[in-house]
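> Please see the structure below; I have some questions.
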Amino acid sequence: MAECGASGSGSSGDSLDKSITLPPDEIFRNLENAKRFAIDIGGSLTKLAYYSTVQHKVAKVRSFDHSGKDTEREHEPPYEISVQEEITARLHFIKFENTYIEACLDFIKDHLVNTETKVIQATGGGAYKFKDLIEEKLRLKVDKEDVMTCLIKGCNFVLKNIPHEAFVYQKDSDPEFRFQTNHPHIFPYLLVNIGSGVSIVKVETEDRFEWVGGSSIGGGTFWGLGALLTKTKKFDELLHLASRGQHSNVDMLVRDVYGGAHQTLGLSGNLIASSFGKSATADQEFSKEDMAKSLLHMISNDIGQLACLHARLHSLDRVYFGGFFIRGHPVTMRTITYSINFFSKGEVQALFLRHEGYLGAIGAFLKGAEQDNPNQYSWGENYAGSSGLMSASPELGPAQRARSGTFDLLEMDRLERPLVDLPLLLDPPSYVPDTVDLTDDALARKYWLTCFEEALDGVVKRAVASQPDSVDAAERAEKFRQKYWNKLQTLRQQPFAYGTLTVRSLLDTREHCLNEFNFPDPYSKVKQRENGVALRCFPGVVRSLDALGWEERQLALVKGLLAGNVFDWGAKAVSAVLESDPYFGFEEAKRKLQERPWLVDSYSEWLQRLKGPPHKCALIFADNSGIDIILGVFPFVRELLLRGTEVILACNSGPALNDVTHSESLIVAERIAGMDPVVHSALQEERLLLVQTGSSSPCLDLSRLDKGLAALVRERGADLVVIEGMGRAVHTNYHAALRCESLKLAVIKNAWLAERLGGRLFSVIFKYEVPAE
């Protein structure tokens, strides 16, 4: 757990006692609300899973009741804000050494008060060994589940629900982890589980899989033979020896057999011709390190060739590896990857999983929860409560390898609605939301991590100011600061800890940490005030636009969209202006914009397209509240409606920064409809539809959108997608390829990013794209 790591706890008995006496929300979070349990007990590690309800605060908005009033007061806010308690579902997964199982069971027993179940699902070899202990301590009946079924269910679950779950290991890259984007169709695949032996399973669907092969030569062989050869009894110590060894001192290589003639055979002289081949004739003693390395290569090559043969036999090109033998150790992933690449000639991909250690526990939980049908929901990793993929490299010293202390944690929140791909993606399997991978780009990574760290004071200040009546707001805000700061330091050292590191993941982690400490919407009052001001300006803006000629109006509408996008409290350059100059408004923002030609300027092509037939239906992803949505987006929407184009306006399901939420957009649209007959009739006739995206992020992942939105896009035949804002159109989706026309527009409000793109602060991106025929 992160807190144990931060306080210097290790794996000694003393540190366990210290950990176990921490409050339950430090390790077994929300344990008092746990409803269902599952456990996976292996040879050395226990993985506990439980489902709990989580009570947290949410900001709700609703229109004022104006019944009985002749007129609304001029400066009355457009809606009222209330903070309410909401209950959501969360899955918790905890991994710890078997040494601590009894102490952990005692801790659970002492804090378990609301469980609804009388049964705990158990899998793994230890389910038999510890059955009586579990039943005695928890007073729950142990139902043993099939190990392989649990592994498959767990694997399917993480592949579907956790972006960047799978990765390839590349020895010579920096970093070594290359994460894969979520594939919408995960089947079929081969799962190779390397425990004591090896099991190879072909997985064809959610419920159809078969054991197709295996081997008695696996992790247990490495451990057993390694112990005989080196007198080292601990598995991790064996790997540590292997990481420092030189196998060519023990193995007979191709060049040792053929000399220089190996080149005529088309073979590398460094290939192993015979594992341990030199030990039969050499007189010298071999080092423990060299023998461990030779043994590791021998077993990994055997497993790799076996996996490759089965993959080819079943025409599969993806092989996922898991089990005790892997456990995130670079030395094992490196040898497995080399073996697969060699024997398949690069045609089969060796893939590893961030959370492979939890697969059995996840699967056992899913088996026990089948009546609740957990697979009908979408789930999301909660970065605030997860310890991430930490390096378990035996090359690291014990202090570095302590990782997050005695416990590793994973938390997943149940999302309100199922998430699916946008139907308009050109090629969903190849879609990558993020424009820059910060794990690859060291310069950008350093800049953005520093940028988010320097912004912490402002975020804390805003969080406290959003709850003036709360006596503990400052204390909670400081806890938020510490937790997010710790996450940033982890990412400096291990940028791959939560998958691919991006600006989006940094923003989302910050939102998760704010929610963790009950700051659900720090900008709610700012948005309320700015929406009120912008609504009062709306009639005048529309009158000015209507007075223009057609061509002049089109440019004015686009400039209005761009000027509205300036009002982004997440941008330091803008928030500084907004805080220092209360009179900075729509016209001032227009004057900030770059003059044409813009940094990216497809406006002429867009104008030419507008001279053609109207689009059938436009899908618009909105960005900020206030001037952006009201004076920028709605006049643009109104013009499309006048052209005969239906509009789907998609806004965030939940709050993030000052981005407009779906519930806020409903009230704003209602108020605008009261002032504008075009919008009023479009809402009445359902030519203007307001929907939620399913997201609570300042960025946009088009592969995880609300299922209802996707259905509406199909039903209405959307043929234009408009994405506005830096988060949605630059940090994400800048390179997204769609099957229809698209507009991506934003004002660059970060000087470093603007310079990197070849522009200056407040440069304009206006990117109109037409798909190839």
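Even glycines carry a Cβ here, placed using N, Cα and C.
A quick note: this is a predicted structure, and the numbers were derived from the prediction, not measured.
Pasting the feature list from Swiss-Prot:
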BINDING   SER196, SER199  acetyl-CoA binding site
BINDING   ASP623, ASN624, ASP659  Mn(2+) binding site
MOD_RES   ALA2  N-acetylalanine
MOD_RES   TYR320  3'-nitrotyrosine
MOD_RES   SER393  phosphoserine
MOD_RES   SER404  phosphoserine
MOD_RES   THR406  phosphothreonine
REGION    2-402  region 'Pantothenate kinase'
REGION    403-773  region '4'-phosphopantetheine phosphatase'
MOTIF     724-728  motif 'Subfamily II EGMGR motif'
> Expressed to the nearest Å, what is the distance separating ASP659 (Mn(2+) binding site) and SER196 (acetyl-CoA binding site) at their Cα atoms?
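The Cα atom of ASP659 (Mn(2+) binding site) is 51 Å away from the Cα atom of SER196 (acetyl-CoA binding site).
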> For ASN624 (Mn(2+) binding site), what residues in its own chain, 6 or more apart in sequence, show a Cβ-Cβ distance under 8 Å?
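Listed in sequence order: GLY564, ASN565, PHE567, ASP568, TRP569, LEU657, ASN658, ASP659, VAL660, GLY725.
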> Given the binding-site residues SER196, SER199, ASP623, find the one whose Cα is closest in space to the Cα of TYR320 (3'-nitrotyrosine).
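Closest by Cα: SER199.
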> Using a 10 Å radius around its CB, how many other CB atoms surround ASP659 (Mn(2+) binding site)?
29
> Looking at the region 'Pantothenate kinase' (2-402) alone, can you tell me the average pLDDT?
84
> What is the Cβ neighbour count of SER196 (acetyl-CoA binding site) at a 10 Å cut-off, with all protein chains included?
18
> Rounded to the nearest Å, what's the C-alpha distance separating ASP623 (Mn(2+) binding site) and SER199 (acetyl-CoA binding site)? Just drop the number here, would you?
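That comes out at 49 Å between the alpha carbons.
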> Least buried of the recorded positions SER199, TYR320, ASP623, going by other Cβ atoms within 10 Å?
SER199
> So, in DSSP terms, is TYR320 (3'-nitrotyrosine) helix, strand, or coil?
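Assignment for TYR320 (3'-nitrotyrosine) reads strand.
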> For the recorded Mn(2+) site, enumerate neighbouring residues of the same chain (Cβ within 8 Å of the Cβ centroid of ASP623, ASN624, ASP659, site residues themselves excluded), in sequence order.
ASN565, ASP568, ALA622, SER625, ASP628, ILE629, LEU657, ASN658, VAL660, PRO698, GLY725, GLY727
> Could you break down the residues of the motif 'Subfamily II EGMGR motif' (724-728) into DSSP helix, strand and coil, giving a count for each?
3 helix, 1 strand, 1 coil
